[in-house]
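Per TrEMBL, the features are:
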type     : residues : note
TRANSMEM : 12-32    : transmembrane segment
TRANSMEM : 53-73    : transmembrane segment
TRANSMEM : 93-117   : transmembrane segment
TRANSMEM : 138-159  : transmembrane segment
TRANSMEM : 165-184  : transmembrane segment
TRANSMEM : 196-218  : transmembrane segment
TRANSMEM : 238-262  : transmembrane segment
TRANSMEM : 269-288  : transmembrane segment
Amino acid sequence: MGLVALTTYSGAFLGGVIWANCAACFIMGLAAKTNDIWRKVSPTHGSKGAIPMYVGVTTGFCGTCSSFSSFILESFEKTANMSSEHFHYPNRAYGIMEALAVLIAHMAISASSYVVGQHAGSLIDRIGSFPPTFYRRTEYAIHIVGLAIYGGVIALLATEKHGAWRPWMFSCLFTPWAALIRYAAAKLLNPRTPRFPMGTFAVNVGGTLLLAVFTILSRGRRRPFSNSPVVRGKMGCHVLWGLDNGFCATVTTISTFVAELYSLSLGSAYLYGLVSVALGFVIVLLIVGSYDWAVGFTAAVC
């Protein structure tokens, strides 16, 4: 969220999420390529993919840092000219070119970042393996710090009722559960369809659907020509902001999506990629688009 906030500014063609996706795919490629660095730790876990810290970096950090649903929503907002900076297209058909520009830019940058990350991983792998003692101590430290931070988030939300930081805290509240749902879905469903990772597909499509609904609740007009959104209370707006940027952005992922595309055969990769993006866009088009054309959108109250 910090990276997105830092790289979102007036005049930017693409929103900050493209930077988050770029960073996440780079780190995902780096982690996927490293093998020797985990050599001394792997025997106690059976494989690299079962090492908790590796799972935490890839599924946890990279999957959370990147967002499929935000990227799809951004592409539709360019299509419908719904962004805060309203542009005057020559006609509405130019929105199609805007959507394609966003889709191509996101996928090209994410894919190239993954490859560059693999190149960096090849260099880092020459450093040597983690000493098992150092690894265990680092893992315990991460557990303690993570639990302490999450406890602090709950305490702040329970005791402080006001503050511009509250939407960020709600995002932190929902994020771990979204990451666990994504991890469980991948473990449960992906092995059943090796040529079409159904777990990642399900969370990406489901998270995009939820984001479309939450967008209507937070920014949709209560009635045509009204300036009041559906949810008018500050608390409700903060919760929706947390669900948008904490739950939906976390439960959906571009980094894992790109890694899976590179792991599949050419035909399966094109089928998986096209179906995922097309279905996600159609869902947002039907839900957000229908509401925009029938009622309209306004600014959220927070």
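Keep in mind that glycine also has a Cβ here, set from the backbone N, Cα and C atoms.
Please treat TrEMBL annotations as automatic predictions, because they have not gone through curation.
The largest share of C-beta pairs under 8 angstroms with the transmembrane segment (165-184) comes from 238-262, of the ranges 93-117, 196-218, 238-262. Beyond the ends of the transmembrane segment (12-32), by six or more residues, the same chain brings 3-6, 54, 57-58, 61-63, 65-67, 70-71, 74, 101-102, 105-106, 109-111, 113-121, 124, 249, 253-256, 258-259 to within a C-beta distance below 8 angstroms of the stretch. Comparing 93-117, 138-159, 269-288 for CB pairs under 8 angstroms to the transmembrane segment (196-218), the maximum falls on 269-288.
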